[in-house]
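Per TrEMBL, the features are as follows:
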type: TRANSMEM; residues: 58-77; note: transmembrane segment
type: TRANSMEM; residues: 83-102; note: transmembrane segment
type: TRANSMEM; residues: 114-134; note: transmembrane segment
type: TRANSMEM; residues: 140-164; note: transmembrane segment
type: TRANSMEM; residues: 185-205; note: transmembrane segment
type: TRANSMEM; residues: 217-242; note: transmembrane segment
type: TRANSMEM; residues: 298-316; note: transmembrane segment
type: TRANSMEM; residues: 346-367; note: transmembrane segment
type: TRANSMEM; residues: 379-397; note: transmembrane segment
type: TRANSMEM; residues: 609-629; note: transmembrane segment
type: TRANSMEM; residues: 641-660; note: transmembrane segment
type: TRANSMEM; residues: 672-694; note: transmembrane segment
Amino acid sequence: MNVFQRNESKETLFTFISAGDDPPKGDFPLQKKSPKLCGSNYPLSIAFIVVNEFCERFSYYGMRAVLTLYFLSFFHWDENLSTAVYHAFSALCYFTPVIGAIMADSWLGKYKTIIYLSIVYVVGHLIKSVGAIPSLGNQAVHVVLSMVGLFLIALGTGGIKPCVSAFGGDQFEEEHTSERSKFFSIFYLSINAGSLISTFVTPVLRGDVKCFGEDCYALAFGVPAALMVLALVVFIAGSGLYRKTPPQGNVLLEVCKCIGFAIKNRLKNRSREIPKRDHWLDWASEKYSKQLIGEVKMVTRVLFLFIPLPMFWALFDQQGSRWTLQATKMNADFGIYVLQPDQMQFLNPLLILVFIPIFDLGLYPLINMCKLNFTPIRKMATGMILAGLAFGLAAVIEVKINETDMPRLVPKESLIRVLNLAKNPVQVTIQDKDLFQQPVESFQNPAEYSKLILNGEQQSLHFTLQHQGLTLAFNYTVKEKSVYSLIVFEAEGSLSSRLITDLEAKPENGLAAVRFINGLSQDVNLTIDNKRFIAVQKNYSASEYSLLERDIYNNGKCITETGEFPLELGLLDFGASYTIVITNISGGAVEMWKSEDIKANNVHMAWQLPQYLLISAGEVMFSITGLAFSYSQSPASMKSVLQAGWLLTVAVGNTFVLIVAEAAPMAQWAEFVLFTVLLFAVCIIFSIMGYFYVSVDPEDLEEKEEKRETSSRGNMIGLVTQKTKL
């Protein structure tokens, strides 16, 4: 296998030809020979096709890389809904190639199908980009535009998938099979390059560039849209150089019709007087040729092995959903560079480029030298095990991440803590509640939140404060599933308090949350990073939370009636929540006290590297081996049918993820464990199926089928009459 060949999990040759097959025979409308590249046997037209594929793959993978965070941050959907819609889109992208193949082979031909569906593709990208402009309409408008755009993108990318690589193969003359084989390696290299660059660059456009005051999703979708426009322009520019084959009929449709007729004919002939046939597909012999029936038998043997495969894709495609969401809860500071959570996806195409030559030139030959029978079935089973182990590691990391998260509240529960901003210790007592046993010291770093059990959806609680021999009482209403801070302070020579609401969960996407309490006797206006303007009233009033990128903020300003003073907040870390109390202004500087309400993300994003290593290695063993094996077990004319079956396993796997995300919501670590257990169980089933599978040579099987058909001709009696052309 060529070291540049792309893993077929993402791109497959859904065509009637593969790298080693002859192109379909037929009359080409363009009979003149195509110009060659630099005097070689490579047609000049393939340069346009390769550039088109690079731009299209950049467009698709770049858009998809930021899609989950777009749902989460822009639409404010929860993680389960964001995951479900992401996988619904991915599934649709792998269902629509069937439509594209039928259009190309039965109606328009490959060239026109690519042109028309690329236009649909471009329109989808443009609608998707416009839908990401915050100032354009309300959220309902954004959702409608985005869903329409995603549907058109799925139709476009899936529709042209079975056509582009096949169209490139059509450009070669029949005697140049070696050059055509190398073309597919270059073709897959362009796919890798587009995927690798886009999954690294597009998250930068989203997170590092700001527009409309927030992450620039309009730009993150707009650049892939521009690349898709360029892809279409480049492809059309080479129109005069292409060899264009006419539609020649779709084998996939014929196979489906043959299977359907066999089932229907068998159901109509259930009489015991009618002799049985050796195979259920033999019931199609009244209408279809022996050759077609024999080839369909070979294909169904392989398709049967495909039944367990969707579970692998259910895990694999969660790199863009669940794993990206996990990365948002981690520390992304790599010292010289802060990685965006959706950038971690670039590791997969990078590792694939590294692993393919290592496996093909190192690991597999070494196993052969040890005389171990590492069959394709065993390679695929090993790939499943590696993917399962990757999700096991993801579950362990998720448990460690949850240690810094806020506890989940149930009905009739809330959380509370005390911030003592007075000069002396304060004893806090809540009537009928056994909390705060020890006095709270002045400006003491707050302990963990204490749990309050209420007697309903809300409850009025009686608070007692003891301070320097004085006792004061306050009543506050507390609601269930809420988080509070009771701030105690001195005002006008007396002790007072306020109950303020805190964040109930970590800030999303690794942002930091900060709020201010103004302990001065005058109002203040705060400027952070020369952008954010926050007004806080005097006498211990609290501001709303502001969400900021993780950074060191030492260039702020505090503006009061008496002047303007520098404001140095220090590090606001990933996923943390801070309360900053302005206590005094002296010596031309602002004195303040900072407390960390919610702990920062302390699990580094580098811990995701082992799971990416495992699942990428599993992909090489599972995906490339699986498709190569299935190719070897089917006749040349049925390769497109196997490609359809292979792509549908990806679609079914994504469908399974969206069902789990919506129908059975659970803790994320538990969901990772569930997928791990399911894949291991499926691996055992697949291994058993593979153990009883007997590899065959398609040519030998064809000869056996012909002999079997000859011996069974005498069994065609007593059948229900079929009004069909023989």
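Using N, Cα and C of the backbone, Cβ positions are placed for all residues, glycine too.
Long-range contacts of the transmembrane segment (641-660) within the same chain, counting only residues at least 6 positions beyond its ends with a Cβ under 8 Å from a Cβ of the stretch, are 8-9, 12-15, 83-85, 87-88, 90-95, 97-98, 101, 161-162, 251-252, 255, 299, 302-303, 306, 309-318, 321, 626-627, 630-631, 634, 671, 674-675.
Packing against the transmembrane segment (83-102) from elsewhere in the chain are residues 14, 64, 67-68, 71, 77, 113, 117, 150-151, 153-155, 157-163, 250, 252-253, 317-318, 320-322, 325, 640, 643-644, 647-648, 650-652, 654-655, 657-658, 661-662: each is 6 or more residues past its ends and has a CB under 8 Å from a CB in it. Stretch with the most C-beta contacts under 8 angstroms to the transmembrane segment (185-205), considering only 58-77, 217-242, 379-397, 609-629, 672-694: 58-77.
The recorded stretches the transmembrane segment (672-694) and the transmembrane segment (114-134) do not share 3+ CB pairs below 8 A when only pairs 6 or more apart in sequence are counted, and are therefore not in contact. Cβ atoms under 8 Å from those of the transmembrane segment (298-316) belong to residues 9, 255, 259, 281, 383-384, 387-388, 390-391, 615, 618-619, 622, 626, 630, 633-635, 638, 641-642, 645-646, 649-650, 652-654, 656-657, 675, 678-679, 682-683, 685-686, 689-690, 693, 696, 698, 701-702 of the same chain, restricted to positions at least 6 beyond its ends. Sequence-distant contacts of the transmembrane segment (609-629) (same chain, at least 6 residues past either end, Cβ-Cβ under 8 Å): 1, 5, 7-9, 12, 309, 312, 315-316, 319, 323, 344, 347-348, 351-352, 355-356, 359, 376-377, 379-380, 382-387, 389-391, 393-394, 397, 642, 646. Distant neighbours of the transmembrane segment (58-77): 83, 85-86, 89-90, 121, 125, 128, 132, 134, 139, 142-143, 146, 153, 157, 194-195, 197-199, 201-203, 206, 215, 217, 220-221, 223-225, 227-228, 231, 320-321, 324-325, 328, 341-343, 345, 508-509; these residues of the same chain sit at least 6 beyond its ends, with a Cβ under 8 Å from one of its Cβ atoms.
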